[in-house]
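Have a look at the structure below, then the notes.
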Amino acid sequence: MRLWSWVLHLGLLSAALGCGLAERPRRARRDPRAGRPPRPAAGPATCATRAARGRRASPPPPPPPGGAWEAVRVPRRRQQREARGATEEPSPPSRALYFSGRGEQLRLRADLELPRDAFTLQVWLRAEGGQRSPAVITGLYDKCSYISRDRGWVVGIHTISDQDNKDPRYFFSLKTDRARQVTTINAHRSYLPGQWVYLAATYDGQFMKLYVNGAQVATSGEQVGGIFSPLTQKCKVLMLGGSALNHNYRGYIEHFSLWKVARTQREILSDMETHGAHTALPQLLLQENWDNVKHAWSPMKDGSSPKVEFSNAHGFLLDTSLEPPLCGQTLCDNTEVIASYNQLSSFRQPKVVRYRVVNLYEDDHKNPTVTREQVDFQHHQLAEAFKQYNISWELDVLEVSNSSLRRRLILANCDISKIGDENCDPECNHTLTGHDGGDCRHLRHPAFVKKQHNGVCDMDCNYERFNFDGGECCDPEITNVTQTCFDPDSPHRAYLDVNELKNILKLDGSTHLNIFFAKSSEEELAGVATWPWDKEALMHLGGIVLNPSFYGMPGHTHTMIHEIGHSLGLYHVFRGISEIQSCSDPCMETEPSFETGDLCNDTNPAPKHKSCGDPGPGNDTCGFHSFFNTPYNNFMSYADDDCTDSFTPNQVARMHCYLDLVYQGWQPSRKPAPVALAPQVLGHTTDSVTLEWFPPIDGHFFERELGSACHLCLEGRILVQYASNASSPMPCSPSGHWSPREAEGHPDVEQPCKSSVRTWSPNSAVNPHTVPPACPEPQGCYLELEFLYPLVPESLTIWVTFVSTDWDSSGAVNDIKLLAVSGKNISLGPQNVFCDVPLTIRLWDVGEEVYGIQIYTLDEHLEIDAAMLTSTADTPLCLQCKPLKYKVVRDPPLQMDVASILHLNRKFVDMDLNLGSVYQYWVITISGTEESEPSPAVTYIHGSGYCGDGIIQKDQGEQCDDMNKINGDGCSLFCRQEVSFNCIDEPSRCYFHDGDGVCEEFEQKTSIKDCGVYTPQGFLDQWASNASVSHQDQQCPGWVIIGQPAASQVCRTKVIDLSEGISQHAWYPCTISYPYSQLAQTTFWLRAYFSQPMVAAAVIVHLVTDGTYYGDQKQETISVQLLDTKDQSHDLGLHVLSCRNNPLIIPVVHDLSQPFYHSQAVRVSFSSPLVAISGVALRSFDNFDPVTLSSCQRGETYSPAEQSCVHFACEKTDCPELAVENASLNCSSSDRYHGAQCTVSCRTGYVLQIRRDDELIKSQTGPSVTVTCTEGKWNKQVACEPVDCSIPDHHQVYAASFSCPEGTTFGSQCSFQCRHPAQLKGNNSLLTCMEDGLWSFPEALCELMCLAPPPVPNADLQTARCRENKHKVGSFCKYKCKPGYHVPGSSRKSKKRAFKTQCTQDGSWQEGACVPVTCDPPPPKFHGLYQCTNGFQFNSECRIKCEDSDASQGLGSNVIHCRKDGTWNGSFHVCQEMQGQCSVPNELNSNLKLQCPDGYAIGSECATSCLDHNSESIILPMNVTVRDIPHWLNPTRVERVVCTAGLKWYPHPALIHCVKGCEPFMGDNYCDAINNRAFCNYDGGDCCTSTVKTKKVTPFPMSCDLQGDCACRDPQAQEHSRKDLRGYSHG
């Protein structure tokens, strides 16, 4: 349960809500309940925040724990050096390019020969949060390639998750011109926005390597040889900041270097220290400091140039980003910080804390909620409990006289919107809620109609089902509403949510811990506390809620102590056992730890229990059978008062830490917060040492002043603030979940990319039983956020934590507007977002004060967690703030003139030193006249080593030393090796070892990527060679479990559903639609077959998911059986699945009283559709077979080498001479006796093939293999076969055909000929198969040319040169349509006549055409009366024959011509003889109705409609009836019929029928059976996996058969364009 923690700019540590809130449920859709009016919102159809809207509304939400330090640390700015000791001159600022991501990519135009065989790229950059994926930082492209856009190399940012807006990382991709496919390597973690990063990529012809801040984070050996040949040099182009496909990067680039050699890691680290400043070396091809960008770089066509800025990128050398552990939330969970509070008693000096008891009275000041005796007794107990821990409490009692509040039931934990929702909610089941509005009562059916509106509150009708007696029980004129009003929508109801009470009282939570009283339902909840990392911790909505029945009562006083423990950051002592999500939860506590469980290493693991002693074993303890020395007497346990009596030292340290981190306002003392960590030594000379230190723990840089914004100001006088007021036009959810107020304050979503109730979503307000609303184009839905302090902004940060799967990163946020004080709205346009990296936007040249923003989205499920606005430097709001000062204390003391200096920055250089002397340094924070406690001390021996000097001092606990103070580069700032890194040498060179392709001894058992699946010595693992499964189709084929499992797959627990991407690596029953499968128990199974039957020692099952569902605590089990060669089954029992125990190894225990048996298959069965299995192995004894051993006869012995019985012989047997062609042999002896060994190494261009018993074990390109002589035979048969390059294809030479008479193995040659119309350019048309298995670079090319374009009918060629042959690919020819013809597809208003065709990459021209101009059909009243010479096309003549009398009447001929502009030259008239009216239409089909307001005369129209308003009128073919319309038929809709001049109705009413119309739920991700037909566009694609937005079909209703009415019927869907594999079985 790790929070979303960021290191934003200089580092952002998150703070968020506590554990326990449920994640957002899957949205269901049912008919809405009737009879309940909508809850009143803050305005018509709007949803507003809890505060009144206005720029100076209530105080803003507090900053996160850690203050502004954790909120944002601005880009490292070089500080003014301290006057004392700052002898070095600050280096001048360097230049950096800023790319906004909108077409500023640059192209290298300098005449440089780009590296062909090896290269190194080095760049300093600072990427913005939110990028188009992929975002190209720089890359080498081939502008001549027609077939491959990925030739060359690219360094950039892209997402590696199946979800295309999750987990963005730095990447390095490469594809040489000889390679068949591209290779991409990725950084080890998501990139950090706003941080300066030193990125390097190298390729030496054999290995690709990616470095981040000097650490090698990825490597690959897939690409080999040169990148491109000299022949294609002119085709290569170097791009910066994007690609020609607009994969543009957003952020800064500084110090760009390109080398034509692969630099070593040591050289890269050295380059990092010099910040990219190199002396001129012959290997250095390009070094850019952006002094003259236009000299070497040019923008793309129609593009612009990036901005050039001055950058002070590398000022402070100390990385102050302190991460909490995986299970922690804030700085106080950081192991280094909490260690200081544990070790230093000065950090636990006495603290006085104010708290306020809120006591409600009647108006006459009688009948208090709690008595004064209760208050005093509880206060005494509280003081006694905390006295020994240096925490004392100052009591303030607030007496509120308000009968309306006093007489109401205050509910502690009931969501009032659930009252009367037809589900019994135990937390709302109370007599004064009408037992959850009647939901928790079995109701009879009284004579409600008789009692309705009888002027009496009838309690047997006072339930939601009867509209609470028609409202009479909430009428204060009729009844005592404090006892009878249960309607949650009535203002007179008898109960209040405790948050409603808090909103009424509006008590400041920043000066006191507020204590409220509320009752719970039958659950009898004793108390509820606000965590210190909650947004509400310092607001009026924070505080503690206690049950007044227990408060201050003997035997129950420890409840308040327990809840105060929560408010001060303490978890339950049983958190690591009983409050984990599953037994695979990384926070499960197996031993006391600062990083798991309750984050205290002096509380042993314990389950939840109430006994005063160690608990017994339970069913929910994840395999724990017993617990000893549990902290049952701890205040944070659930034992009774007579048992609990203490906190542990670690808990006391946490409480003191949170009092410094969050709750300084609760304390009367003005003492500033301390610096929680010891100063760090950053460098030394012969006569000086340089120290830097961390900010104070509360993150403040300025003295706090009442009414000022100084607590929001950072170094550089930059103000950072979160939104304080939120609103949206969307309606509001009564529960507050997903409402705008959730986007106020700091980010608090724990698991980004998963739906969370702690966010705003456009869909928030919708009743979960109805269909979600859409956010219509072009504007969509929007959220408006206002900030307390209007300011001129420098940047904006937005946390978008969830985006629907049907939206990519570029479409979800379609606009952001800045709301200026002047009234102007500034649009920032659409933005690319990641769900796990915040969006950061640099605000250029705004130049005026901004007070708010509007965020627009087209995604109704999008979720926004928070927004943060950062000012420009030296903002007026911070100019008057007084900075905190620092005092450095030394032992031995500093000279008086030095000791008296107060430092404004966090750096100090001591020049008063003696070689070999021991010095200790402390730092004290000074605010006004108050001083903090001294920081922990750092001990420094002048002239000796320290963390950061490049030498590992193991006696000081150092594990590595890379000469810097940066986290995330393998060696932490405290010189400790980071997880999954290995560091070597001095100074340390660190590399991410998991997945680097090298199997090292320390990772043999842990790294599947590098070492494969670990097999213990003496055993042999066989992976499945075939498989059959119970449920499969093309989405989840069973064959994927054949062979070893994919190394890249990590086991996942607590999933909601399984994405289609999993089926590429693991099998799961995807044909079952979860959770509907839970309606009936289903058994799923797979059967794995093995090529070599063996005596099983164990069965191994590799998992990708362990079957646990997000909303359920139940663990899944599997049943495993062995199948022997006689098809008999041997049960291995039931086994619990857990990602913590993956792979699952099931030992096979043989009954020694029975004969051994050979197993040939394994059957695995389970009941959860969320189990995904990636591999099954059969483990047996290596070189030992008990079945064969038992069959040996007299005179025979078992041969392990042969694995068979052989005749026993005492004489020594030599092996035959070992002869391997194309190999070199290195034998341990010239003799070939038993035990002799020979090492076989294949020559260059040959590959080892190793066989045993004529079966190929493996083929490897590795250097050698060792064979051993065993009992007269070599234990392996080895051959060296030439590598095979396979037949060349278009990747080698485009537009060519190949001939390989010599074959395709090493050394052979193939020739190629150019296919017409391509022409050979060059002389040598031969390719050679090289030793690396790839073809050599071609020395000639086939240049594609187009012949003269063919004539286009009805068009004239306009380009004269196009009449000749030899046109290059990409060239154009222009045509113009002849009069009366136009280009197809052009609009009716402006019919285009000119068009171009292009010479394409296959040597042909794009097709062009000219189609005749057409006129609209004549009016329908003339239908059937006219004849046309050529339809309605240009020059066609249409005629109606009239009698001669028309001409005599001067009407002229009834003839019209279609003109070239698509209009008729005239119009028809009704002939004189055409008189009368149509007959009354009476032959109507059932349900059809005609309305003829103008009668039945010629030209009159009748509107068609259906008696059933849900039906539509259509025309059906004669042979089709309404009852048998096939789903693929899409009949024409009819809105009206007309009486023609021939006195006939058109269309004829007898052909018109009424059919069921389409429900308005198309495209809503639910497959509605009624809409699953062509007439309704197959429900907008909702019924096919390939077309539904969520890629998972959800039927509605859920009983709808996925093989019947809700089947995929759309003939255009992908499912019907490929072979259906359903039912196909491997086995």
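All positions are counted from 1 along the displayed chain.
Using the three backbone atoms N, Cα and C, a Cβ is placed for every residue, glycine included.
Among the ranges 601-622, 733-754, the one that Swiss-Prot lists as region 'Disordered' is 733-754. The Zn(2+) site in Swiss-Prot is built from H562, H566 plus one of H540, H572, namely H572. Residue environment of C1373 (disulfide bond) contains 24 other Cβ atoms, counted within 10 Å of its Cβ in all protein chains. Proximity to C622 (disulfide bond), judged by a C-alpha distance within 10 Å, picks out C583 from the disulfide-bonded residues C583, C710, C753, C1139, C1242, C1492. Checked against C713 (disulfide bond) by C-alpha proximity, the disulfide-bonded residues C600, C753, C878, C1377, C1506 yield C878 as the nearest. Around the Cβ of C753 (disulfide bond), a 10 Å sphere holds 19 further Cβ atoms from the protein chains shown. A mean pLDDT of 88 is what the model gives for the region 'Metalloprotease' (272-583). Cβ-based neighbour count (10 Å, all protein chains) for C1377 (disulfide bond) stands at 26.
In this structure, C753 (disulfide bond) belongs to neither helix nor strand by DSSP; it is coil. The Cα of C881 (disulfide bond) lies closest to that of C753, out of the disulfide-bonded residues C414, C753, C1554. In this view, C881 (disulfide bond) is surrounded by 21 other Cβ atoms within 10 Å of its Cβ, with every protein chain counted. Under DSSP, residues within the domain 'Sushi 3' (1345-1412) fall into helix, strand and coil as 4 helix, 24 strand, 40 coil.
With C835 (disulfide bond) as the anchor, the candidate disulfide-bonded residues are C428, C878, C1410, C1492, and the one with the nearest CA is C878. Taking the disulfide-bonded residues C583, C710, C835, C1139, C1410 in turn and counting surrounding C-beta atoms within 10 angstroms, the largest count is reached at C835. In this view, C622 (disulfide bond) is surrounded by 23 other Cβ atoms within 10 Å of its Cβ, with every protein chain counted. A gap of 18 Å separates the Cα atoms of C753 (disulfide bond) and C1051 (disulfide bond).
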